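Beneath this line is the structure, given in structure tokens, with notes to follow.
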């Protein structure tokens, strides 16, 4: 898998700055305020840095943005990057500043002169996240950034703060790698194998095969994958880092490794992006990896239904009726509304087996949520106000966009079927809401539940402050924060 770039922390050495090759990064706040190390660079550059910080171009920069000064006189470095950042900044701005650095690391090495910036660990986290580069399928010489060193006033303290963030970066990168992989590489077999390998980190991993799910009555999930040559699987990952009597939190993910739409086949244009339809399962996997790597003091179980939705002579048809593990029957109106069928059985299994304190499911579930919220926010649905508020607070603190969507009985009535207990698709109107109501039917009344529709946030066509175009890893940060707040305090 792709690993974050390692970052070393050391005390400031002003005499070493002039001879440092590669790229030098310095910070200046509003009005051009600079620390000791930046002032040293300014002297070496004969005032050029101060003039840049006083320029109109620098004045127009927002906090966390940067400008370049190429081939600085008086220094061995190839370039100096001037980042606009106040010494006392918030977490999101510090990460954004790190992202500006991470997008342009030098092959010859990068020296970050953080001085006394209070959020230096968050800056390093932003560097790591933005430096992500998915290259396993590219041939030829690959550009590998040189060593990254951060000179900071209190290196031991910053290194200790950055430790858990390194585990988070590993989890986010694992999620991004899974979502970015093509379906001919990430089959249901390979996905399950990658998750099983995490037992080396201390996770308990169990794989349920099709015959196991058949015995449990999971015909909703199994029907989705019956047109594929690759068998469906249910992977259960348990992290038991909390007290024995702590009731676990359950995370449930949709893992459709490729979605053609089945017999209700999708248009060809854009179908290549349906390799990301396992994004919910990838986030669950990334969170579980993070918990194991940082030795979280919490009990969490992650469950992912892994299937491939393909059309062939054995594929599920529009009009079929399937029986879920719960016992409810479902009329399949549209085979391209398959994710909710997968989640229905996994949600019920999670509650029956683990009786969790709460369940959070994640899925690239509907295009309707993109129409409603674009690519800035994940749609949040819940049956429990307090649980939902805790999640929204966690998402806001981590800078991940999330917006609560409405639910109501009139939407639930739209699921009525003429021949079964419910139907899996209701048409275009309120598509993300009716999908959430479908899932809610497989949540016990006493179970706090959150549904996260990440169709608009799991993969993006353009760069962001903390990720290149492609998979974002949205959700790992928010869920890890929620687990810290709920289970580890």
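First residue shown is number 1, and so on along the chain.
A Cβ is built for glycine as well, from the same backbone N, Cα and C atoms used for every other residue.
Record check, Swiss-Prot: Mn(2+) 2 site residues include 254, 259, 338, and the candidate from 277, 320, 361 also listed there is 277.
Minimal Cβ crowding within 10 Å, among the recorded positions 254, 266, 340, is found at 266. Taking 266, 336, 340 as the recorded positions under consideration, the smallest Cα distance to residue 254 (Mn(2+) 2 binding site) is found for 340. Counting Cβ atoms from all protein chains shown, residue 336 (Mn(2+) 1 binding site) has 20 others lying within 10 Å of its own Cβ. Other than the site residues 254, 259, 277, 338, same-chain residues with C-beta atoms no more than 8 angstroms from the centre of those residues' C-beta atoms, the Mn(2+) 2 site, are 224, 256, 274, 278, 307, 309, 339, 342, 363, 364. For the Mn(2+) 1 site, the Cβ centre of 259, 336, 338 serves as reference, and the other residues of the chain with Cβ at most 8 Å from it are 224, 256, 260, 261, 262, 264, 266, 277, 309, 335, 337, 339.
Within 10 Å of the Cβ of residue 277 (Mn(2+) 2 binding site) there are 28 other Cβ atoms, across all protein chains.
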